[in-house]
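**Q** The structure follows.
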Amino acid sequence: MRLDIAGVTAEIDGTPIVSDVDLVAEPGAFVGLIGPNGSGKSTLLRTVYRSLRPSAGAVSLDGDDLWRMRARQAARRRAVVTQHGDLGGEFSVAEVVAMGRAPHKGVLERENAADRAVVADSLERVGLAHASDRLFSTLSGGERQRALVARALAQEAPLLILDEPTNHLDVRAQLGLLDLVRSLGLTLLAALHDLDHAAAYCDRVVVLQHGRVRASGPPLEVLTPEFVADVFGVRAHIGAHPITGRPHIAVASAKPW
Amino acid sequence: MAEGTAVTERTATTERAGRRRGPHLVPGRMVAVLLGGLAAALAAVAMAGVTVGSVDLPPGAVWRVIGSHLTGAASPDPLRDQVIWELRTPRVLVAALVGAGLSVAGVALQALVRNPLADPYVLGVSAGASLGAVLVVSFGATAFGGLGVTGAAFVTALLSVLAVYALAQRGGRLLDSRLVLAGVAVGYLCSAATSFVQLRLDPSELQGLMFWLMGSVAGATWSDLGVPAAVIAACTVLLLVQGRSMNALLAGDDAAAGLGASVPALRIALLVVASLLTATSVAVVGGIGFVGLMVPHAARFLVGADHRRVLPVAALGGAVFLVAVDIVARTADRPNELPIGIFTTGLGVPFFLWLLRRRPGGAA
């Protein structure tokens, strides 16, 4: 699935939050959306969730305008893991994941054996098969994110959008989640906070600042020390990770002490 | 080898046992049994509601009178016929309908504002509906553009939900404290206006005022049943169809849109349905509080949060609950009848406070 965000401007209460953004995720690529707080990452993603209509430009999936599809049709082609994944009620993990089947079901159609198989398989892929009968609210932060990824998998959509999926997770859960989504074989667009994660996991990064694209390309080409200092206001060192050998960005406060 | 097999079998058994138990008190496949039980309970409590009252009647006589009406035979006893068929039966049926309607309205409101503290009474919707109803009752249908009591109640109920919604949200998120305060404020304003309209018109009409403020199913007649029955059935079916989307909405607007729900349309539907259900209930029985708060919670406690299960359980449970409370209201201080709203509020407020304390610091 190719995601194409072309010239998108999105406004909240008449104020443009993102302006004229171009972003392409090629099939199977992991694209990282990075930028300081308030740079418009979440707002841009909302135009792909279809919860904020762009005031200009277009979002398309394999050339079809996302905003001209029916809501259910769109949900069969792209799945979403939002930042505030809390559910307001007592759902079991299996019930949460089964919500992902909604775009495949008629309004009065009940989940059948095939749906249950998809749910079980999704839980298996995120390593939560054992937890399917637990209450979602009793899961740890890392398990919750995995359950929400499983819900997205149950949508069987080729494109997955994630908004800061590693927020509030401990280090092991953060890396585990990134390993997991990278292994799914889907086209990924994720807003990420951690530059090191972006460097290590993403095929391409798109950097937003003040609602506009500052740069895009392979992480090591984009995230030079000068560029990081300019956009994020920190000093950066780019090298090979001492343990994994993958690209690695170390950052330090702009003021030495 | 043998040991390995034993371990595998034990694991499989534990898993099966775990699956059968599930995390909810009443597992999915037992929900039908629960609904059957609630239907039986409704029949039993309705029968009791017709039998007891300021005068208790022998159940045999009750059956004979009801039987004669259902078969079209001549009534055995005109006096008992009057009490049973013209007074108590419609009253019990109205209590059942309103109990179901307010409970379903509570479920809709709680999904709409994504907050379990929501209830037509707490959020001022009942008071809003009362105002419209009283305007038409006092000044006639012409005062409200030719709308009937229920229609006018619907318009003012809808306006009060919109006002509470607008006051309680900040940046698209609804805060507990603001929601409750906005509901109370809008409710007080509507109640004050209702009192003003009634007292201005007829200072001796205190009895009528009590009816709209406290609610009562006394004096319900057969002609009160048709509109609420149709509205409640239609609204419940509409919500059941939207059950999946309502579940998704609990995860947030963005997540719901991601799951393929049409969020703005769903919100409008919930707003209209909650107002319509409250308005039809209030038009018939006045403002009865906290049913829409307690019953949905009890339903979720039993079957979990899936709206496709919560809605039918809450509808039937609400019917059983209000018929039972009405029996208490009629018999607690015989031969006097107490307004039913005193009892639902007496139960509901402690429940509301318990719920408020149990929730973490005011988060949406």
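Yeah, the Cβs are placed from backbone N, Cα and C, and that goes for glycine too.
Sharing the record's features from TrEMBL:
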COMPBIAS  B:1-11  compositional bias 'Low complexity'
REGION    B:1-22  region 'Disordered'
TRANSMEM  B:30-50  transmembrane segment
TRANSMEM  B:92-113  transmembrane segment
TRANSMEM  B:120-141  transmembrane segment
TRANSMEM  B:147-167  transmembrane segment
TRANSMEM  B:179-201  transmembrane segment
TRANSMEM  B:221-243  transmembrane segment
TRANSMEM  B:255-277  transmembrane segment
TRANSMEM  B:283-303  transmembrane segment
TRANSMEM  B:310-332  transmembrane segment
TRANSMEM  B:338-356  transmembrane segment
**Q** Using a Cβ distance cut-off of under 8 Å, indicate which of B:30-50, B:221-243, B:283-303, B:310-332, B:338-356 has the most pairs with the transmembrane segment (B:92-113).
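**A** It is B:310-332 that shares the most Cβ pairs under 8 Å with the transmembrane segment (B:92-113).
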**Q** When you check the transmembrane segment (B:120-141) against the transmembrane segment (B:221-243), do you get at least 3 Cβ pairs under 8 Å, counting only pairs 6 or more apart in sequence?
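**A** The transmembrane segment (B:221-243) and the transmembrane segment (B:120-141): touching, no.
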**Q** Among B:30-50, B:147-167, B:179-201, B:283-303, which stretch has the highest count of C-beta pairs below 8 Å with the transmembrane segment (B:255-277)?
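**A** If we count Cβ pairs closer than 8 Å to the transmembrane segment (B:255-277), B:147-167 scores highest.
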**Q** When you scan the chain for residues with a C-beta under 8 Å from the transmembrane segment (B:283-303), skipping those not six or more beyond its ends, what do you find?
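**A** Distant Cβ neighbours of the transmembrane segment (B:283-303) are 24-26, 31, 34, 94-95, 97-99, 102-103, 105-107, 109-110, 116-122, 126-127, 129-130, 133, 149-150, 153, 211-217, 220, 224, 227-228, 309-310, 313-314, 317-318, 321-322, 340-341, 344-345, 347-349, 351-352, 355.
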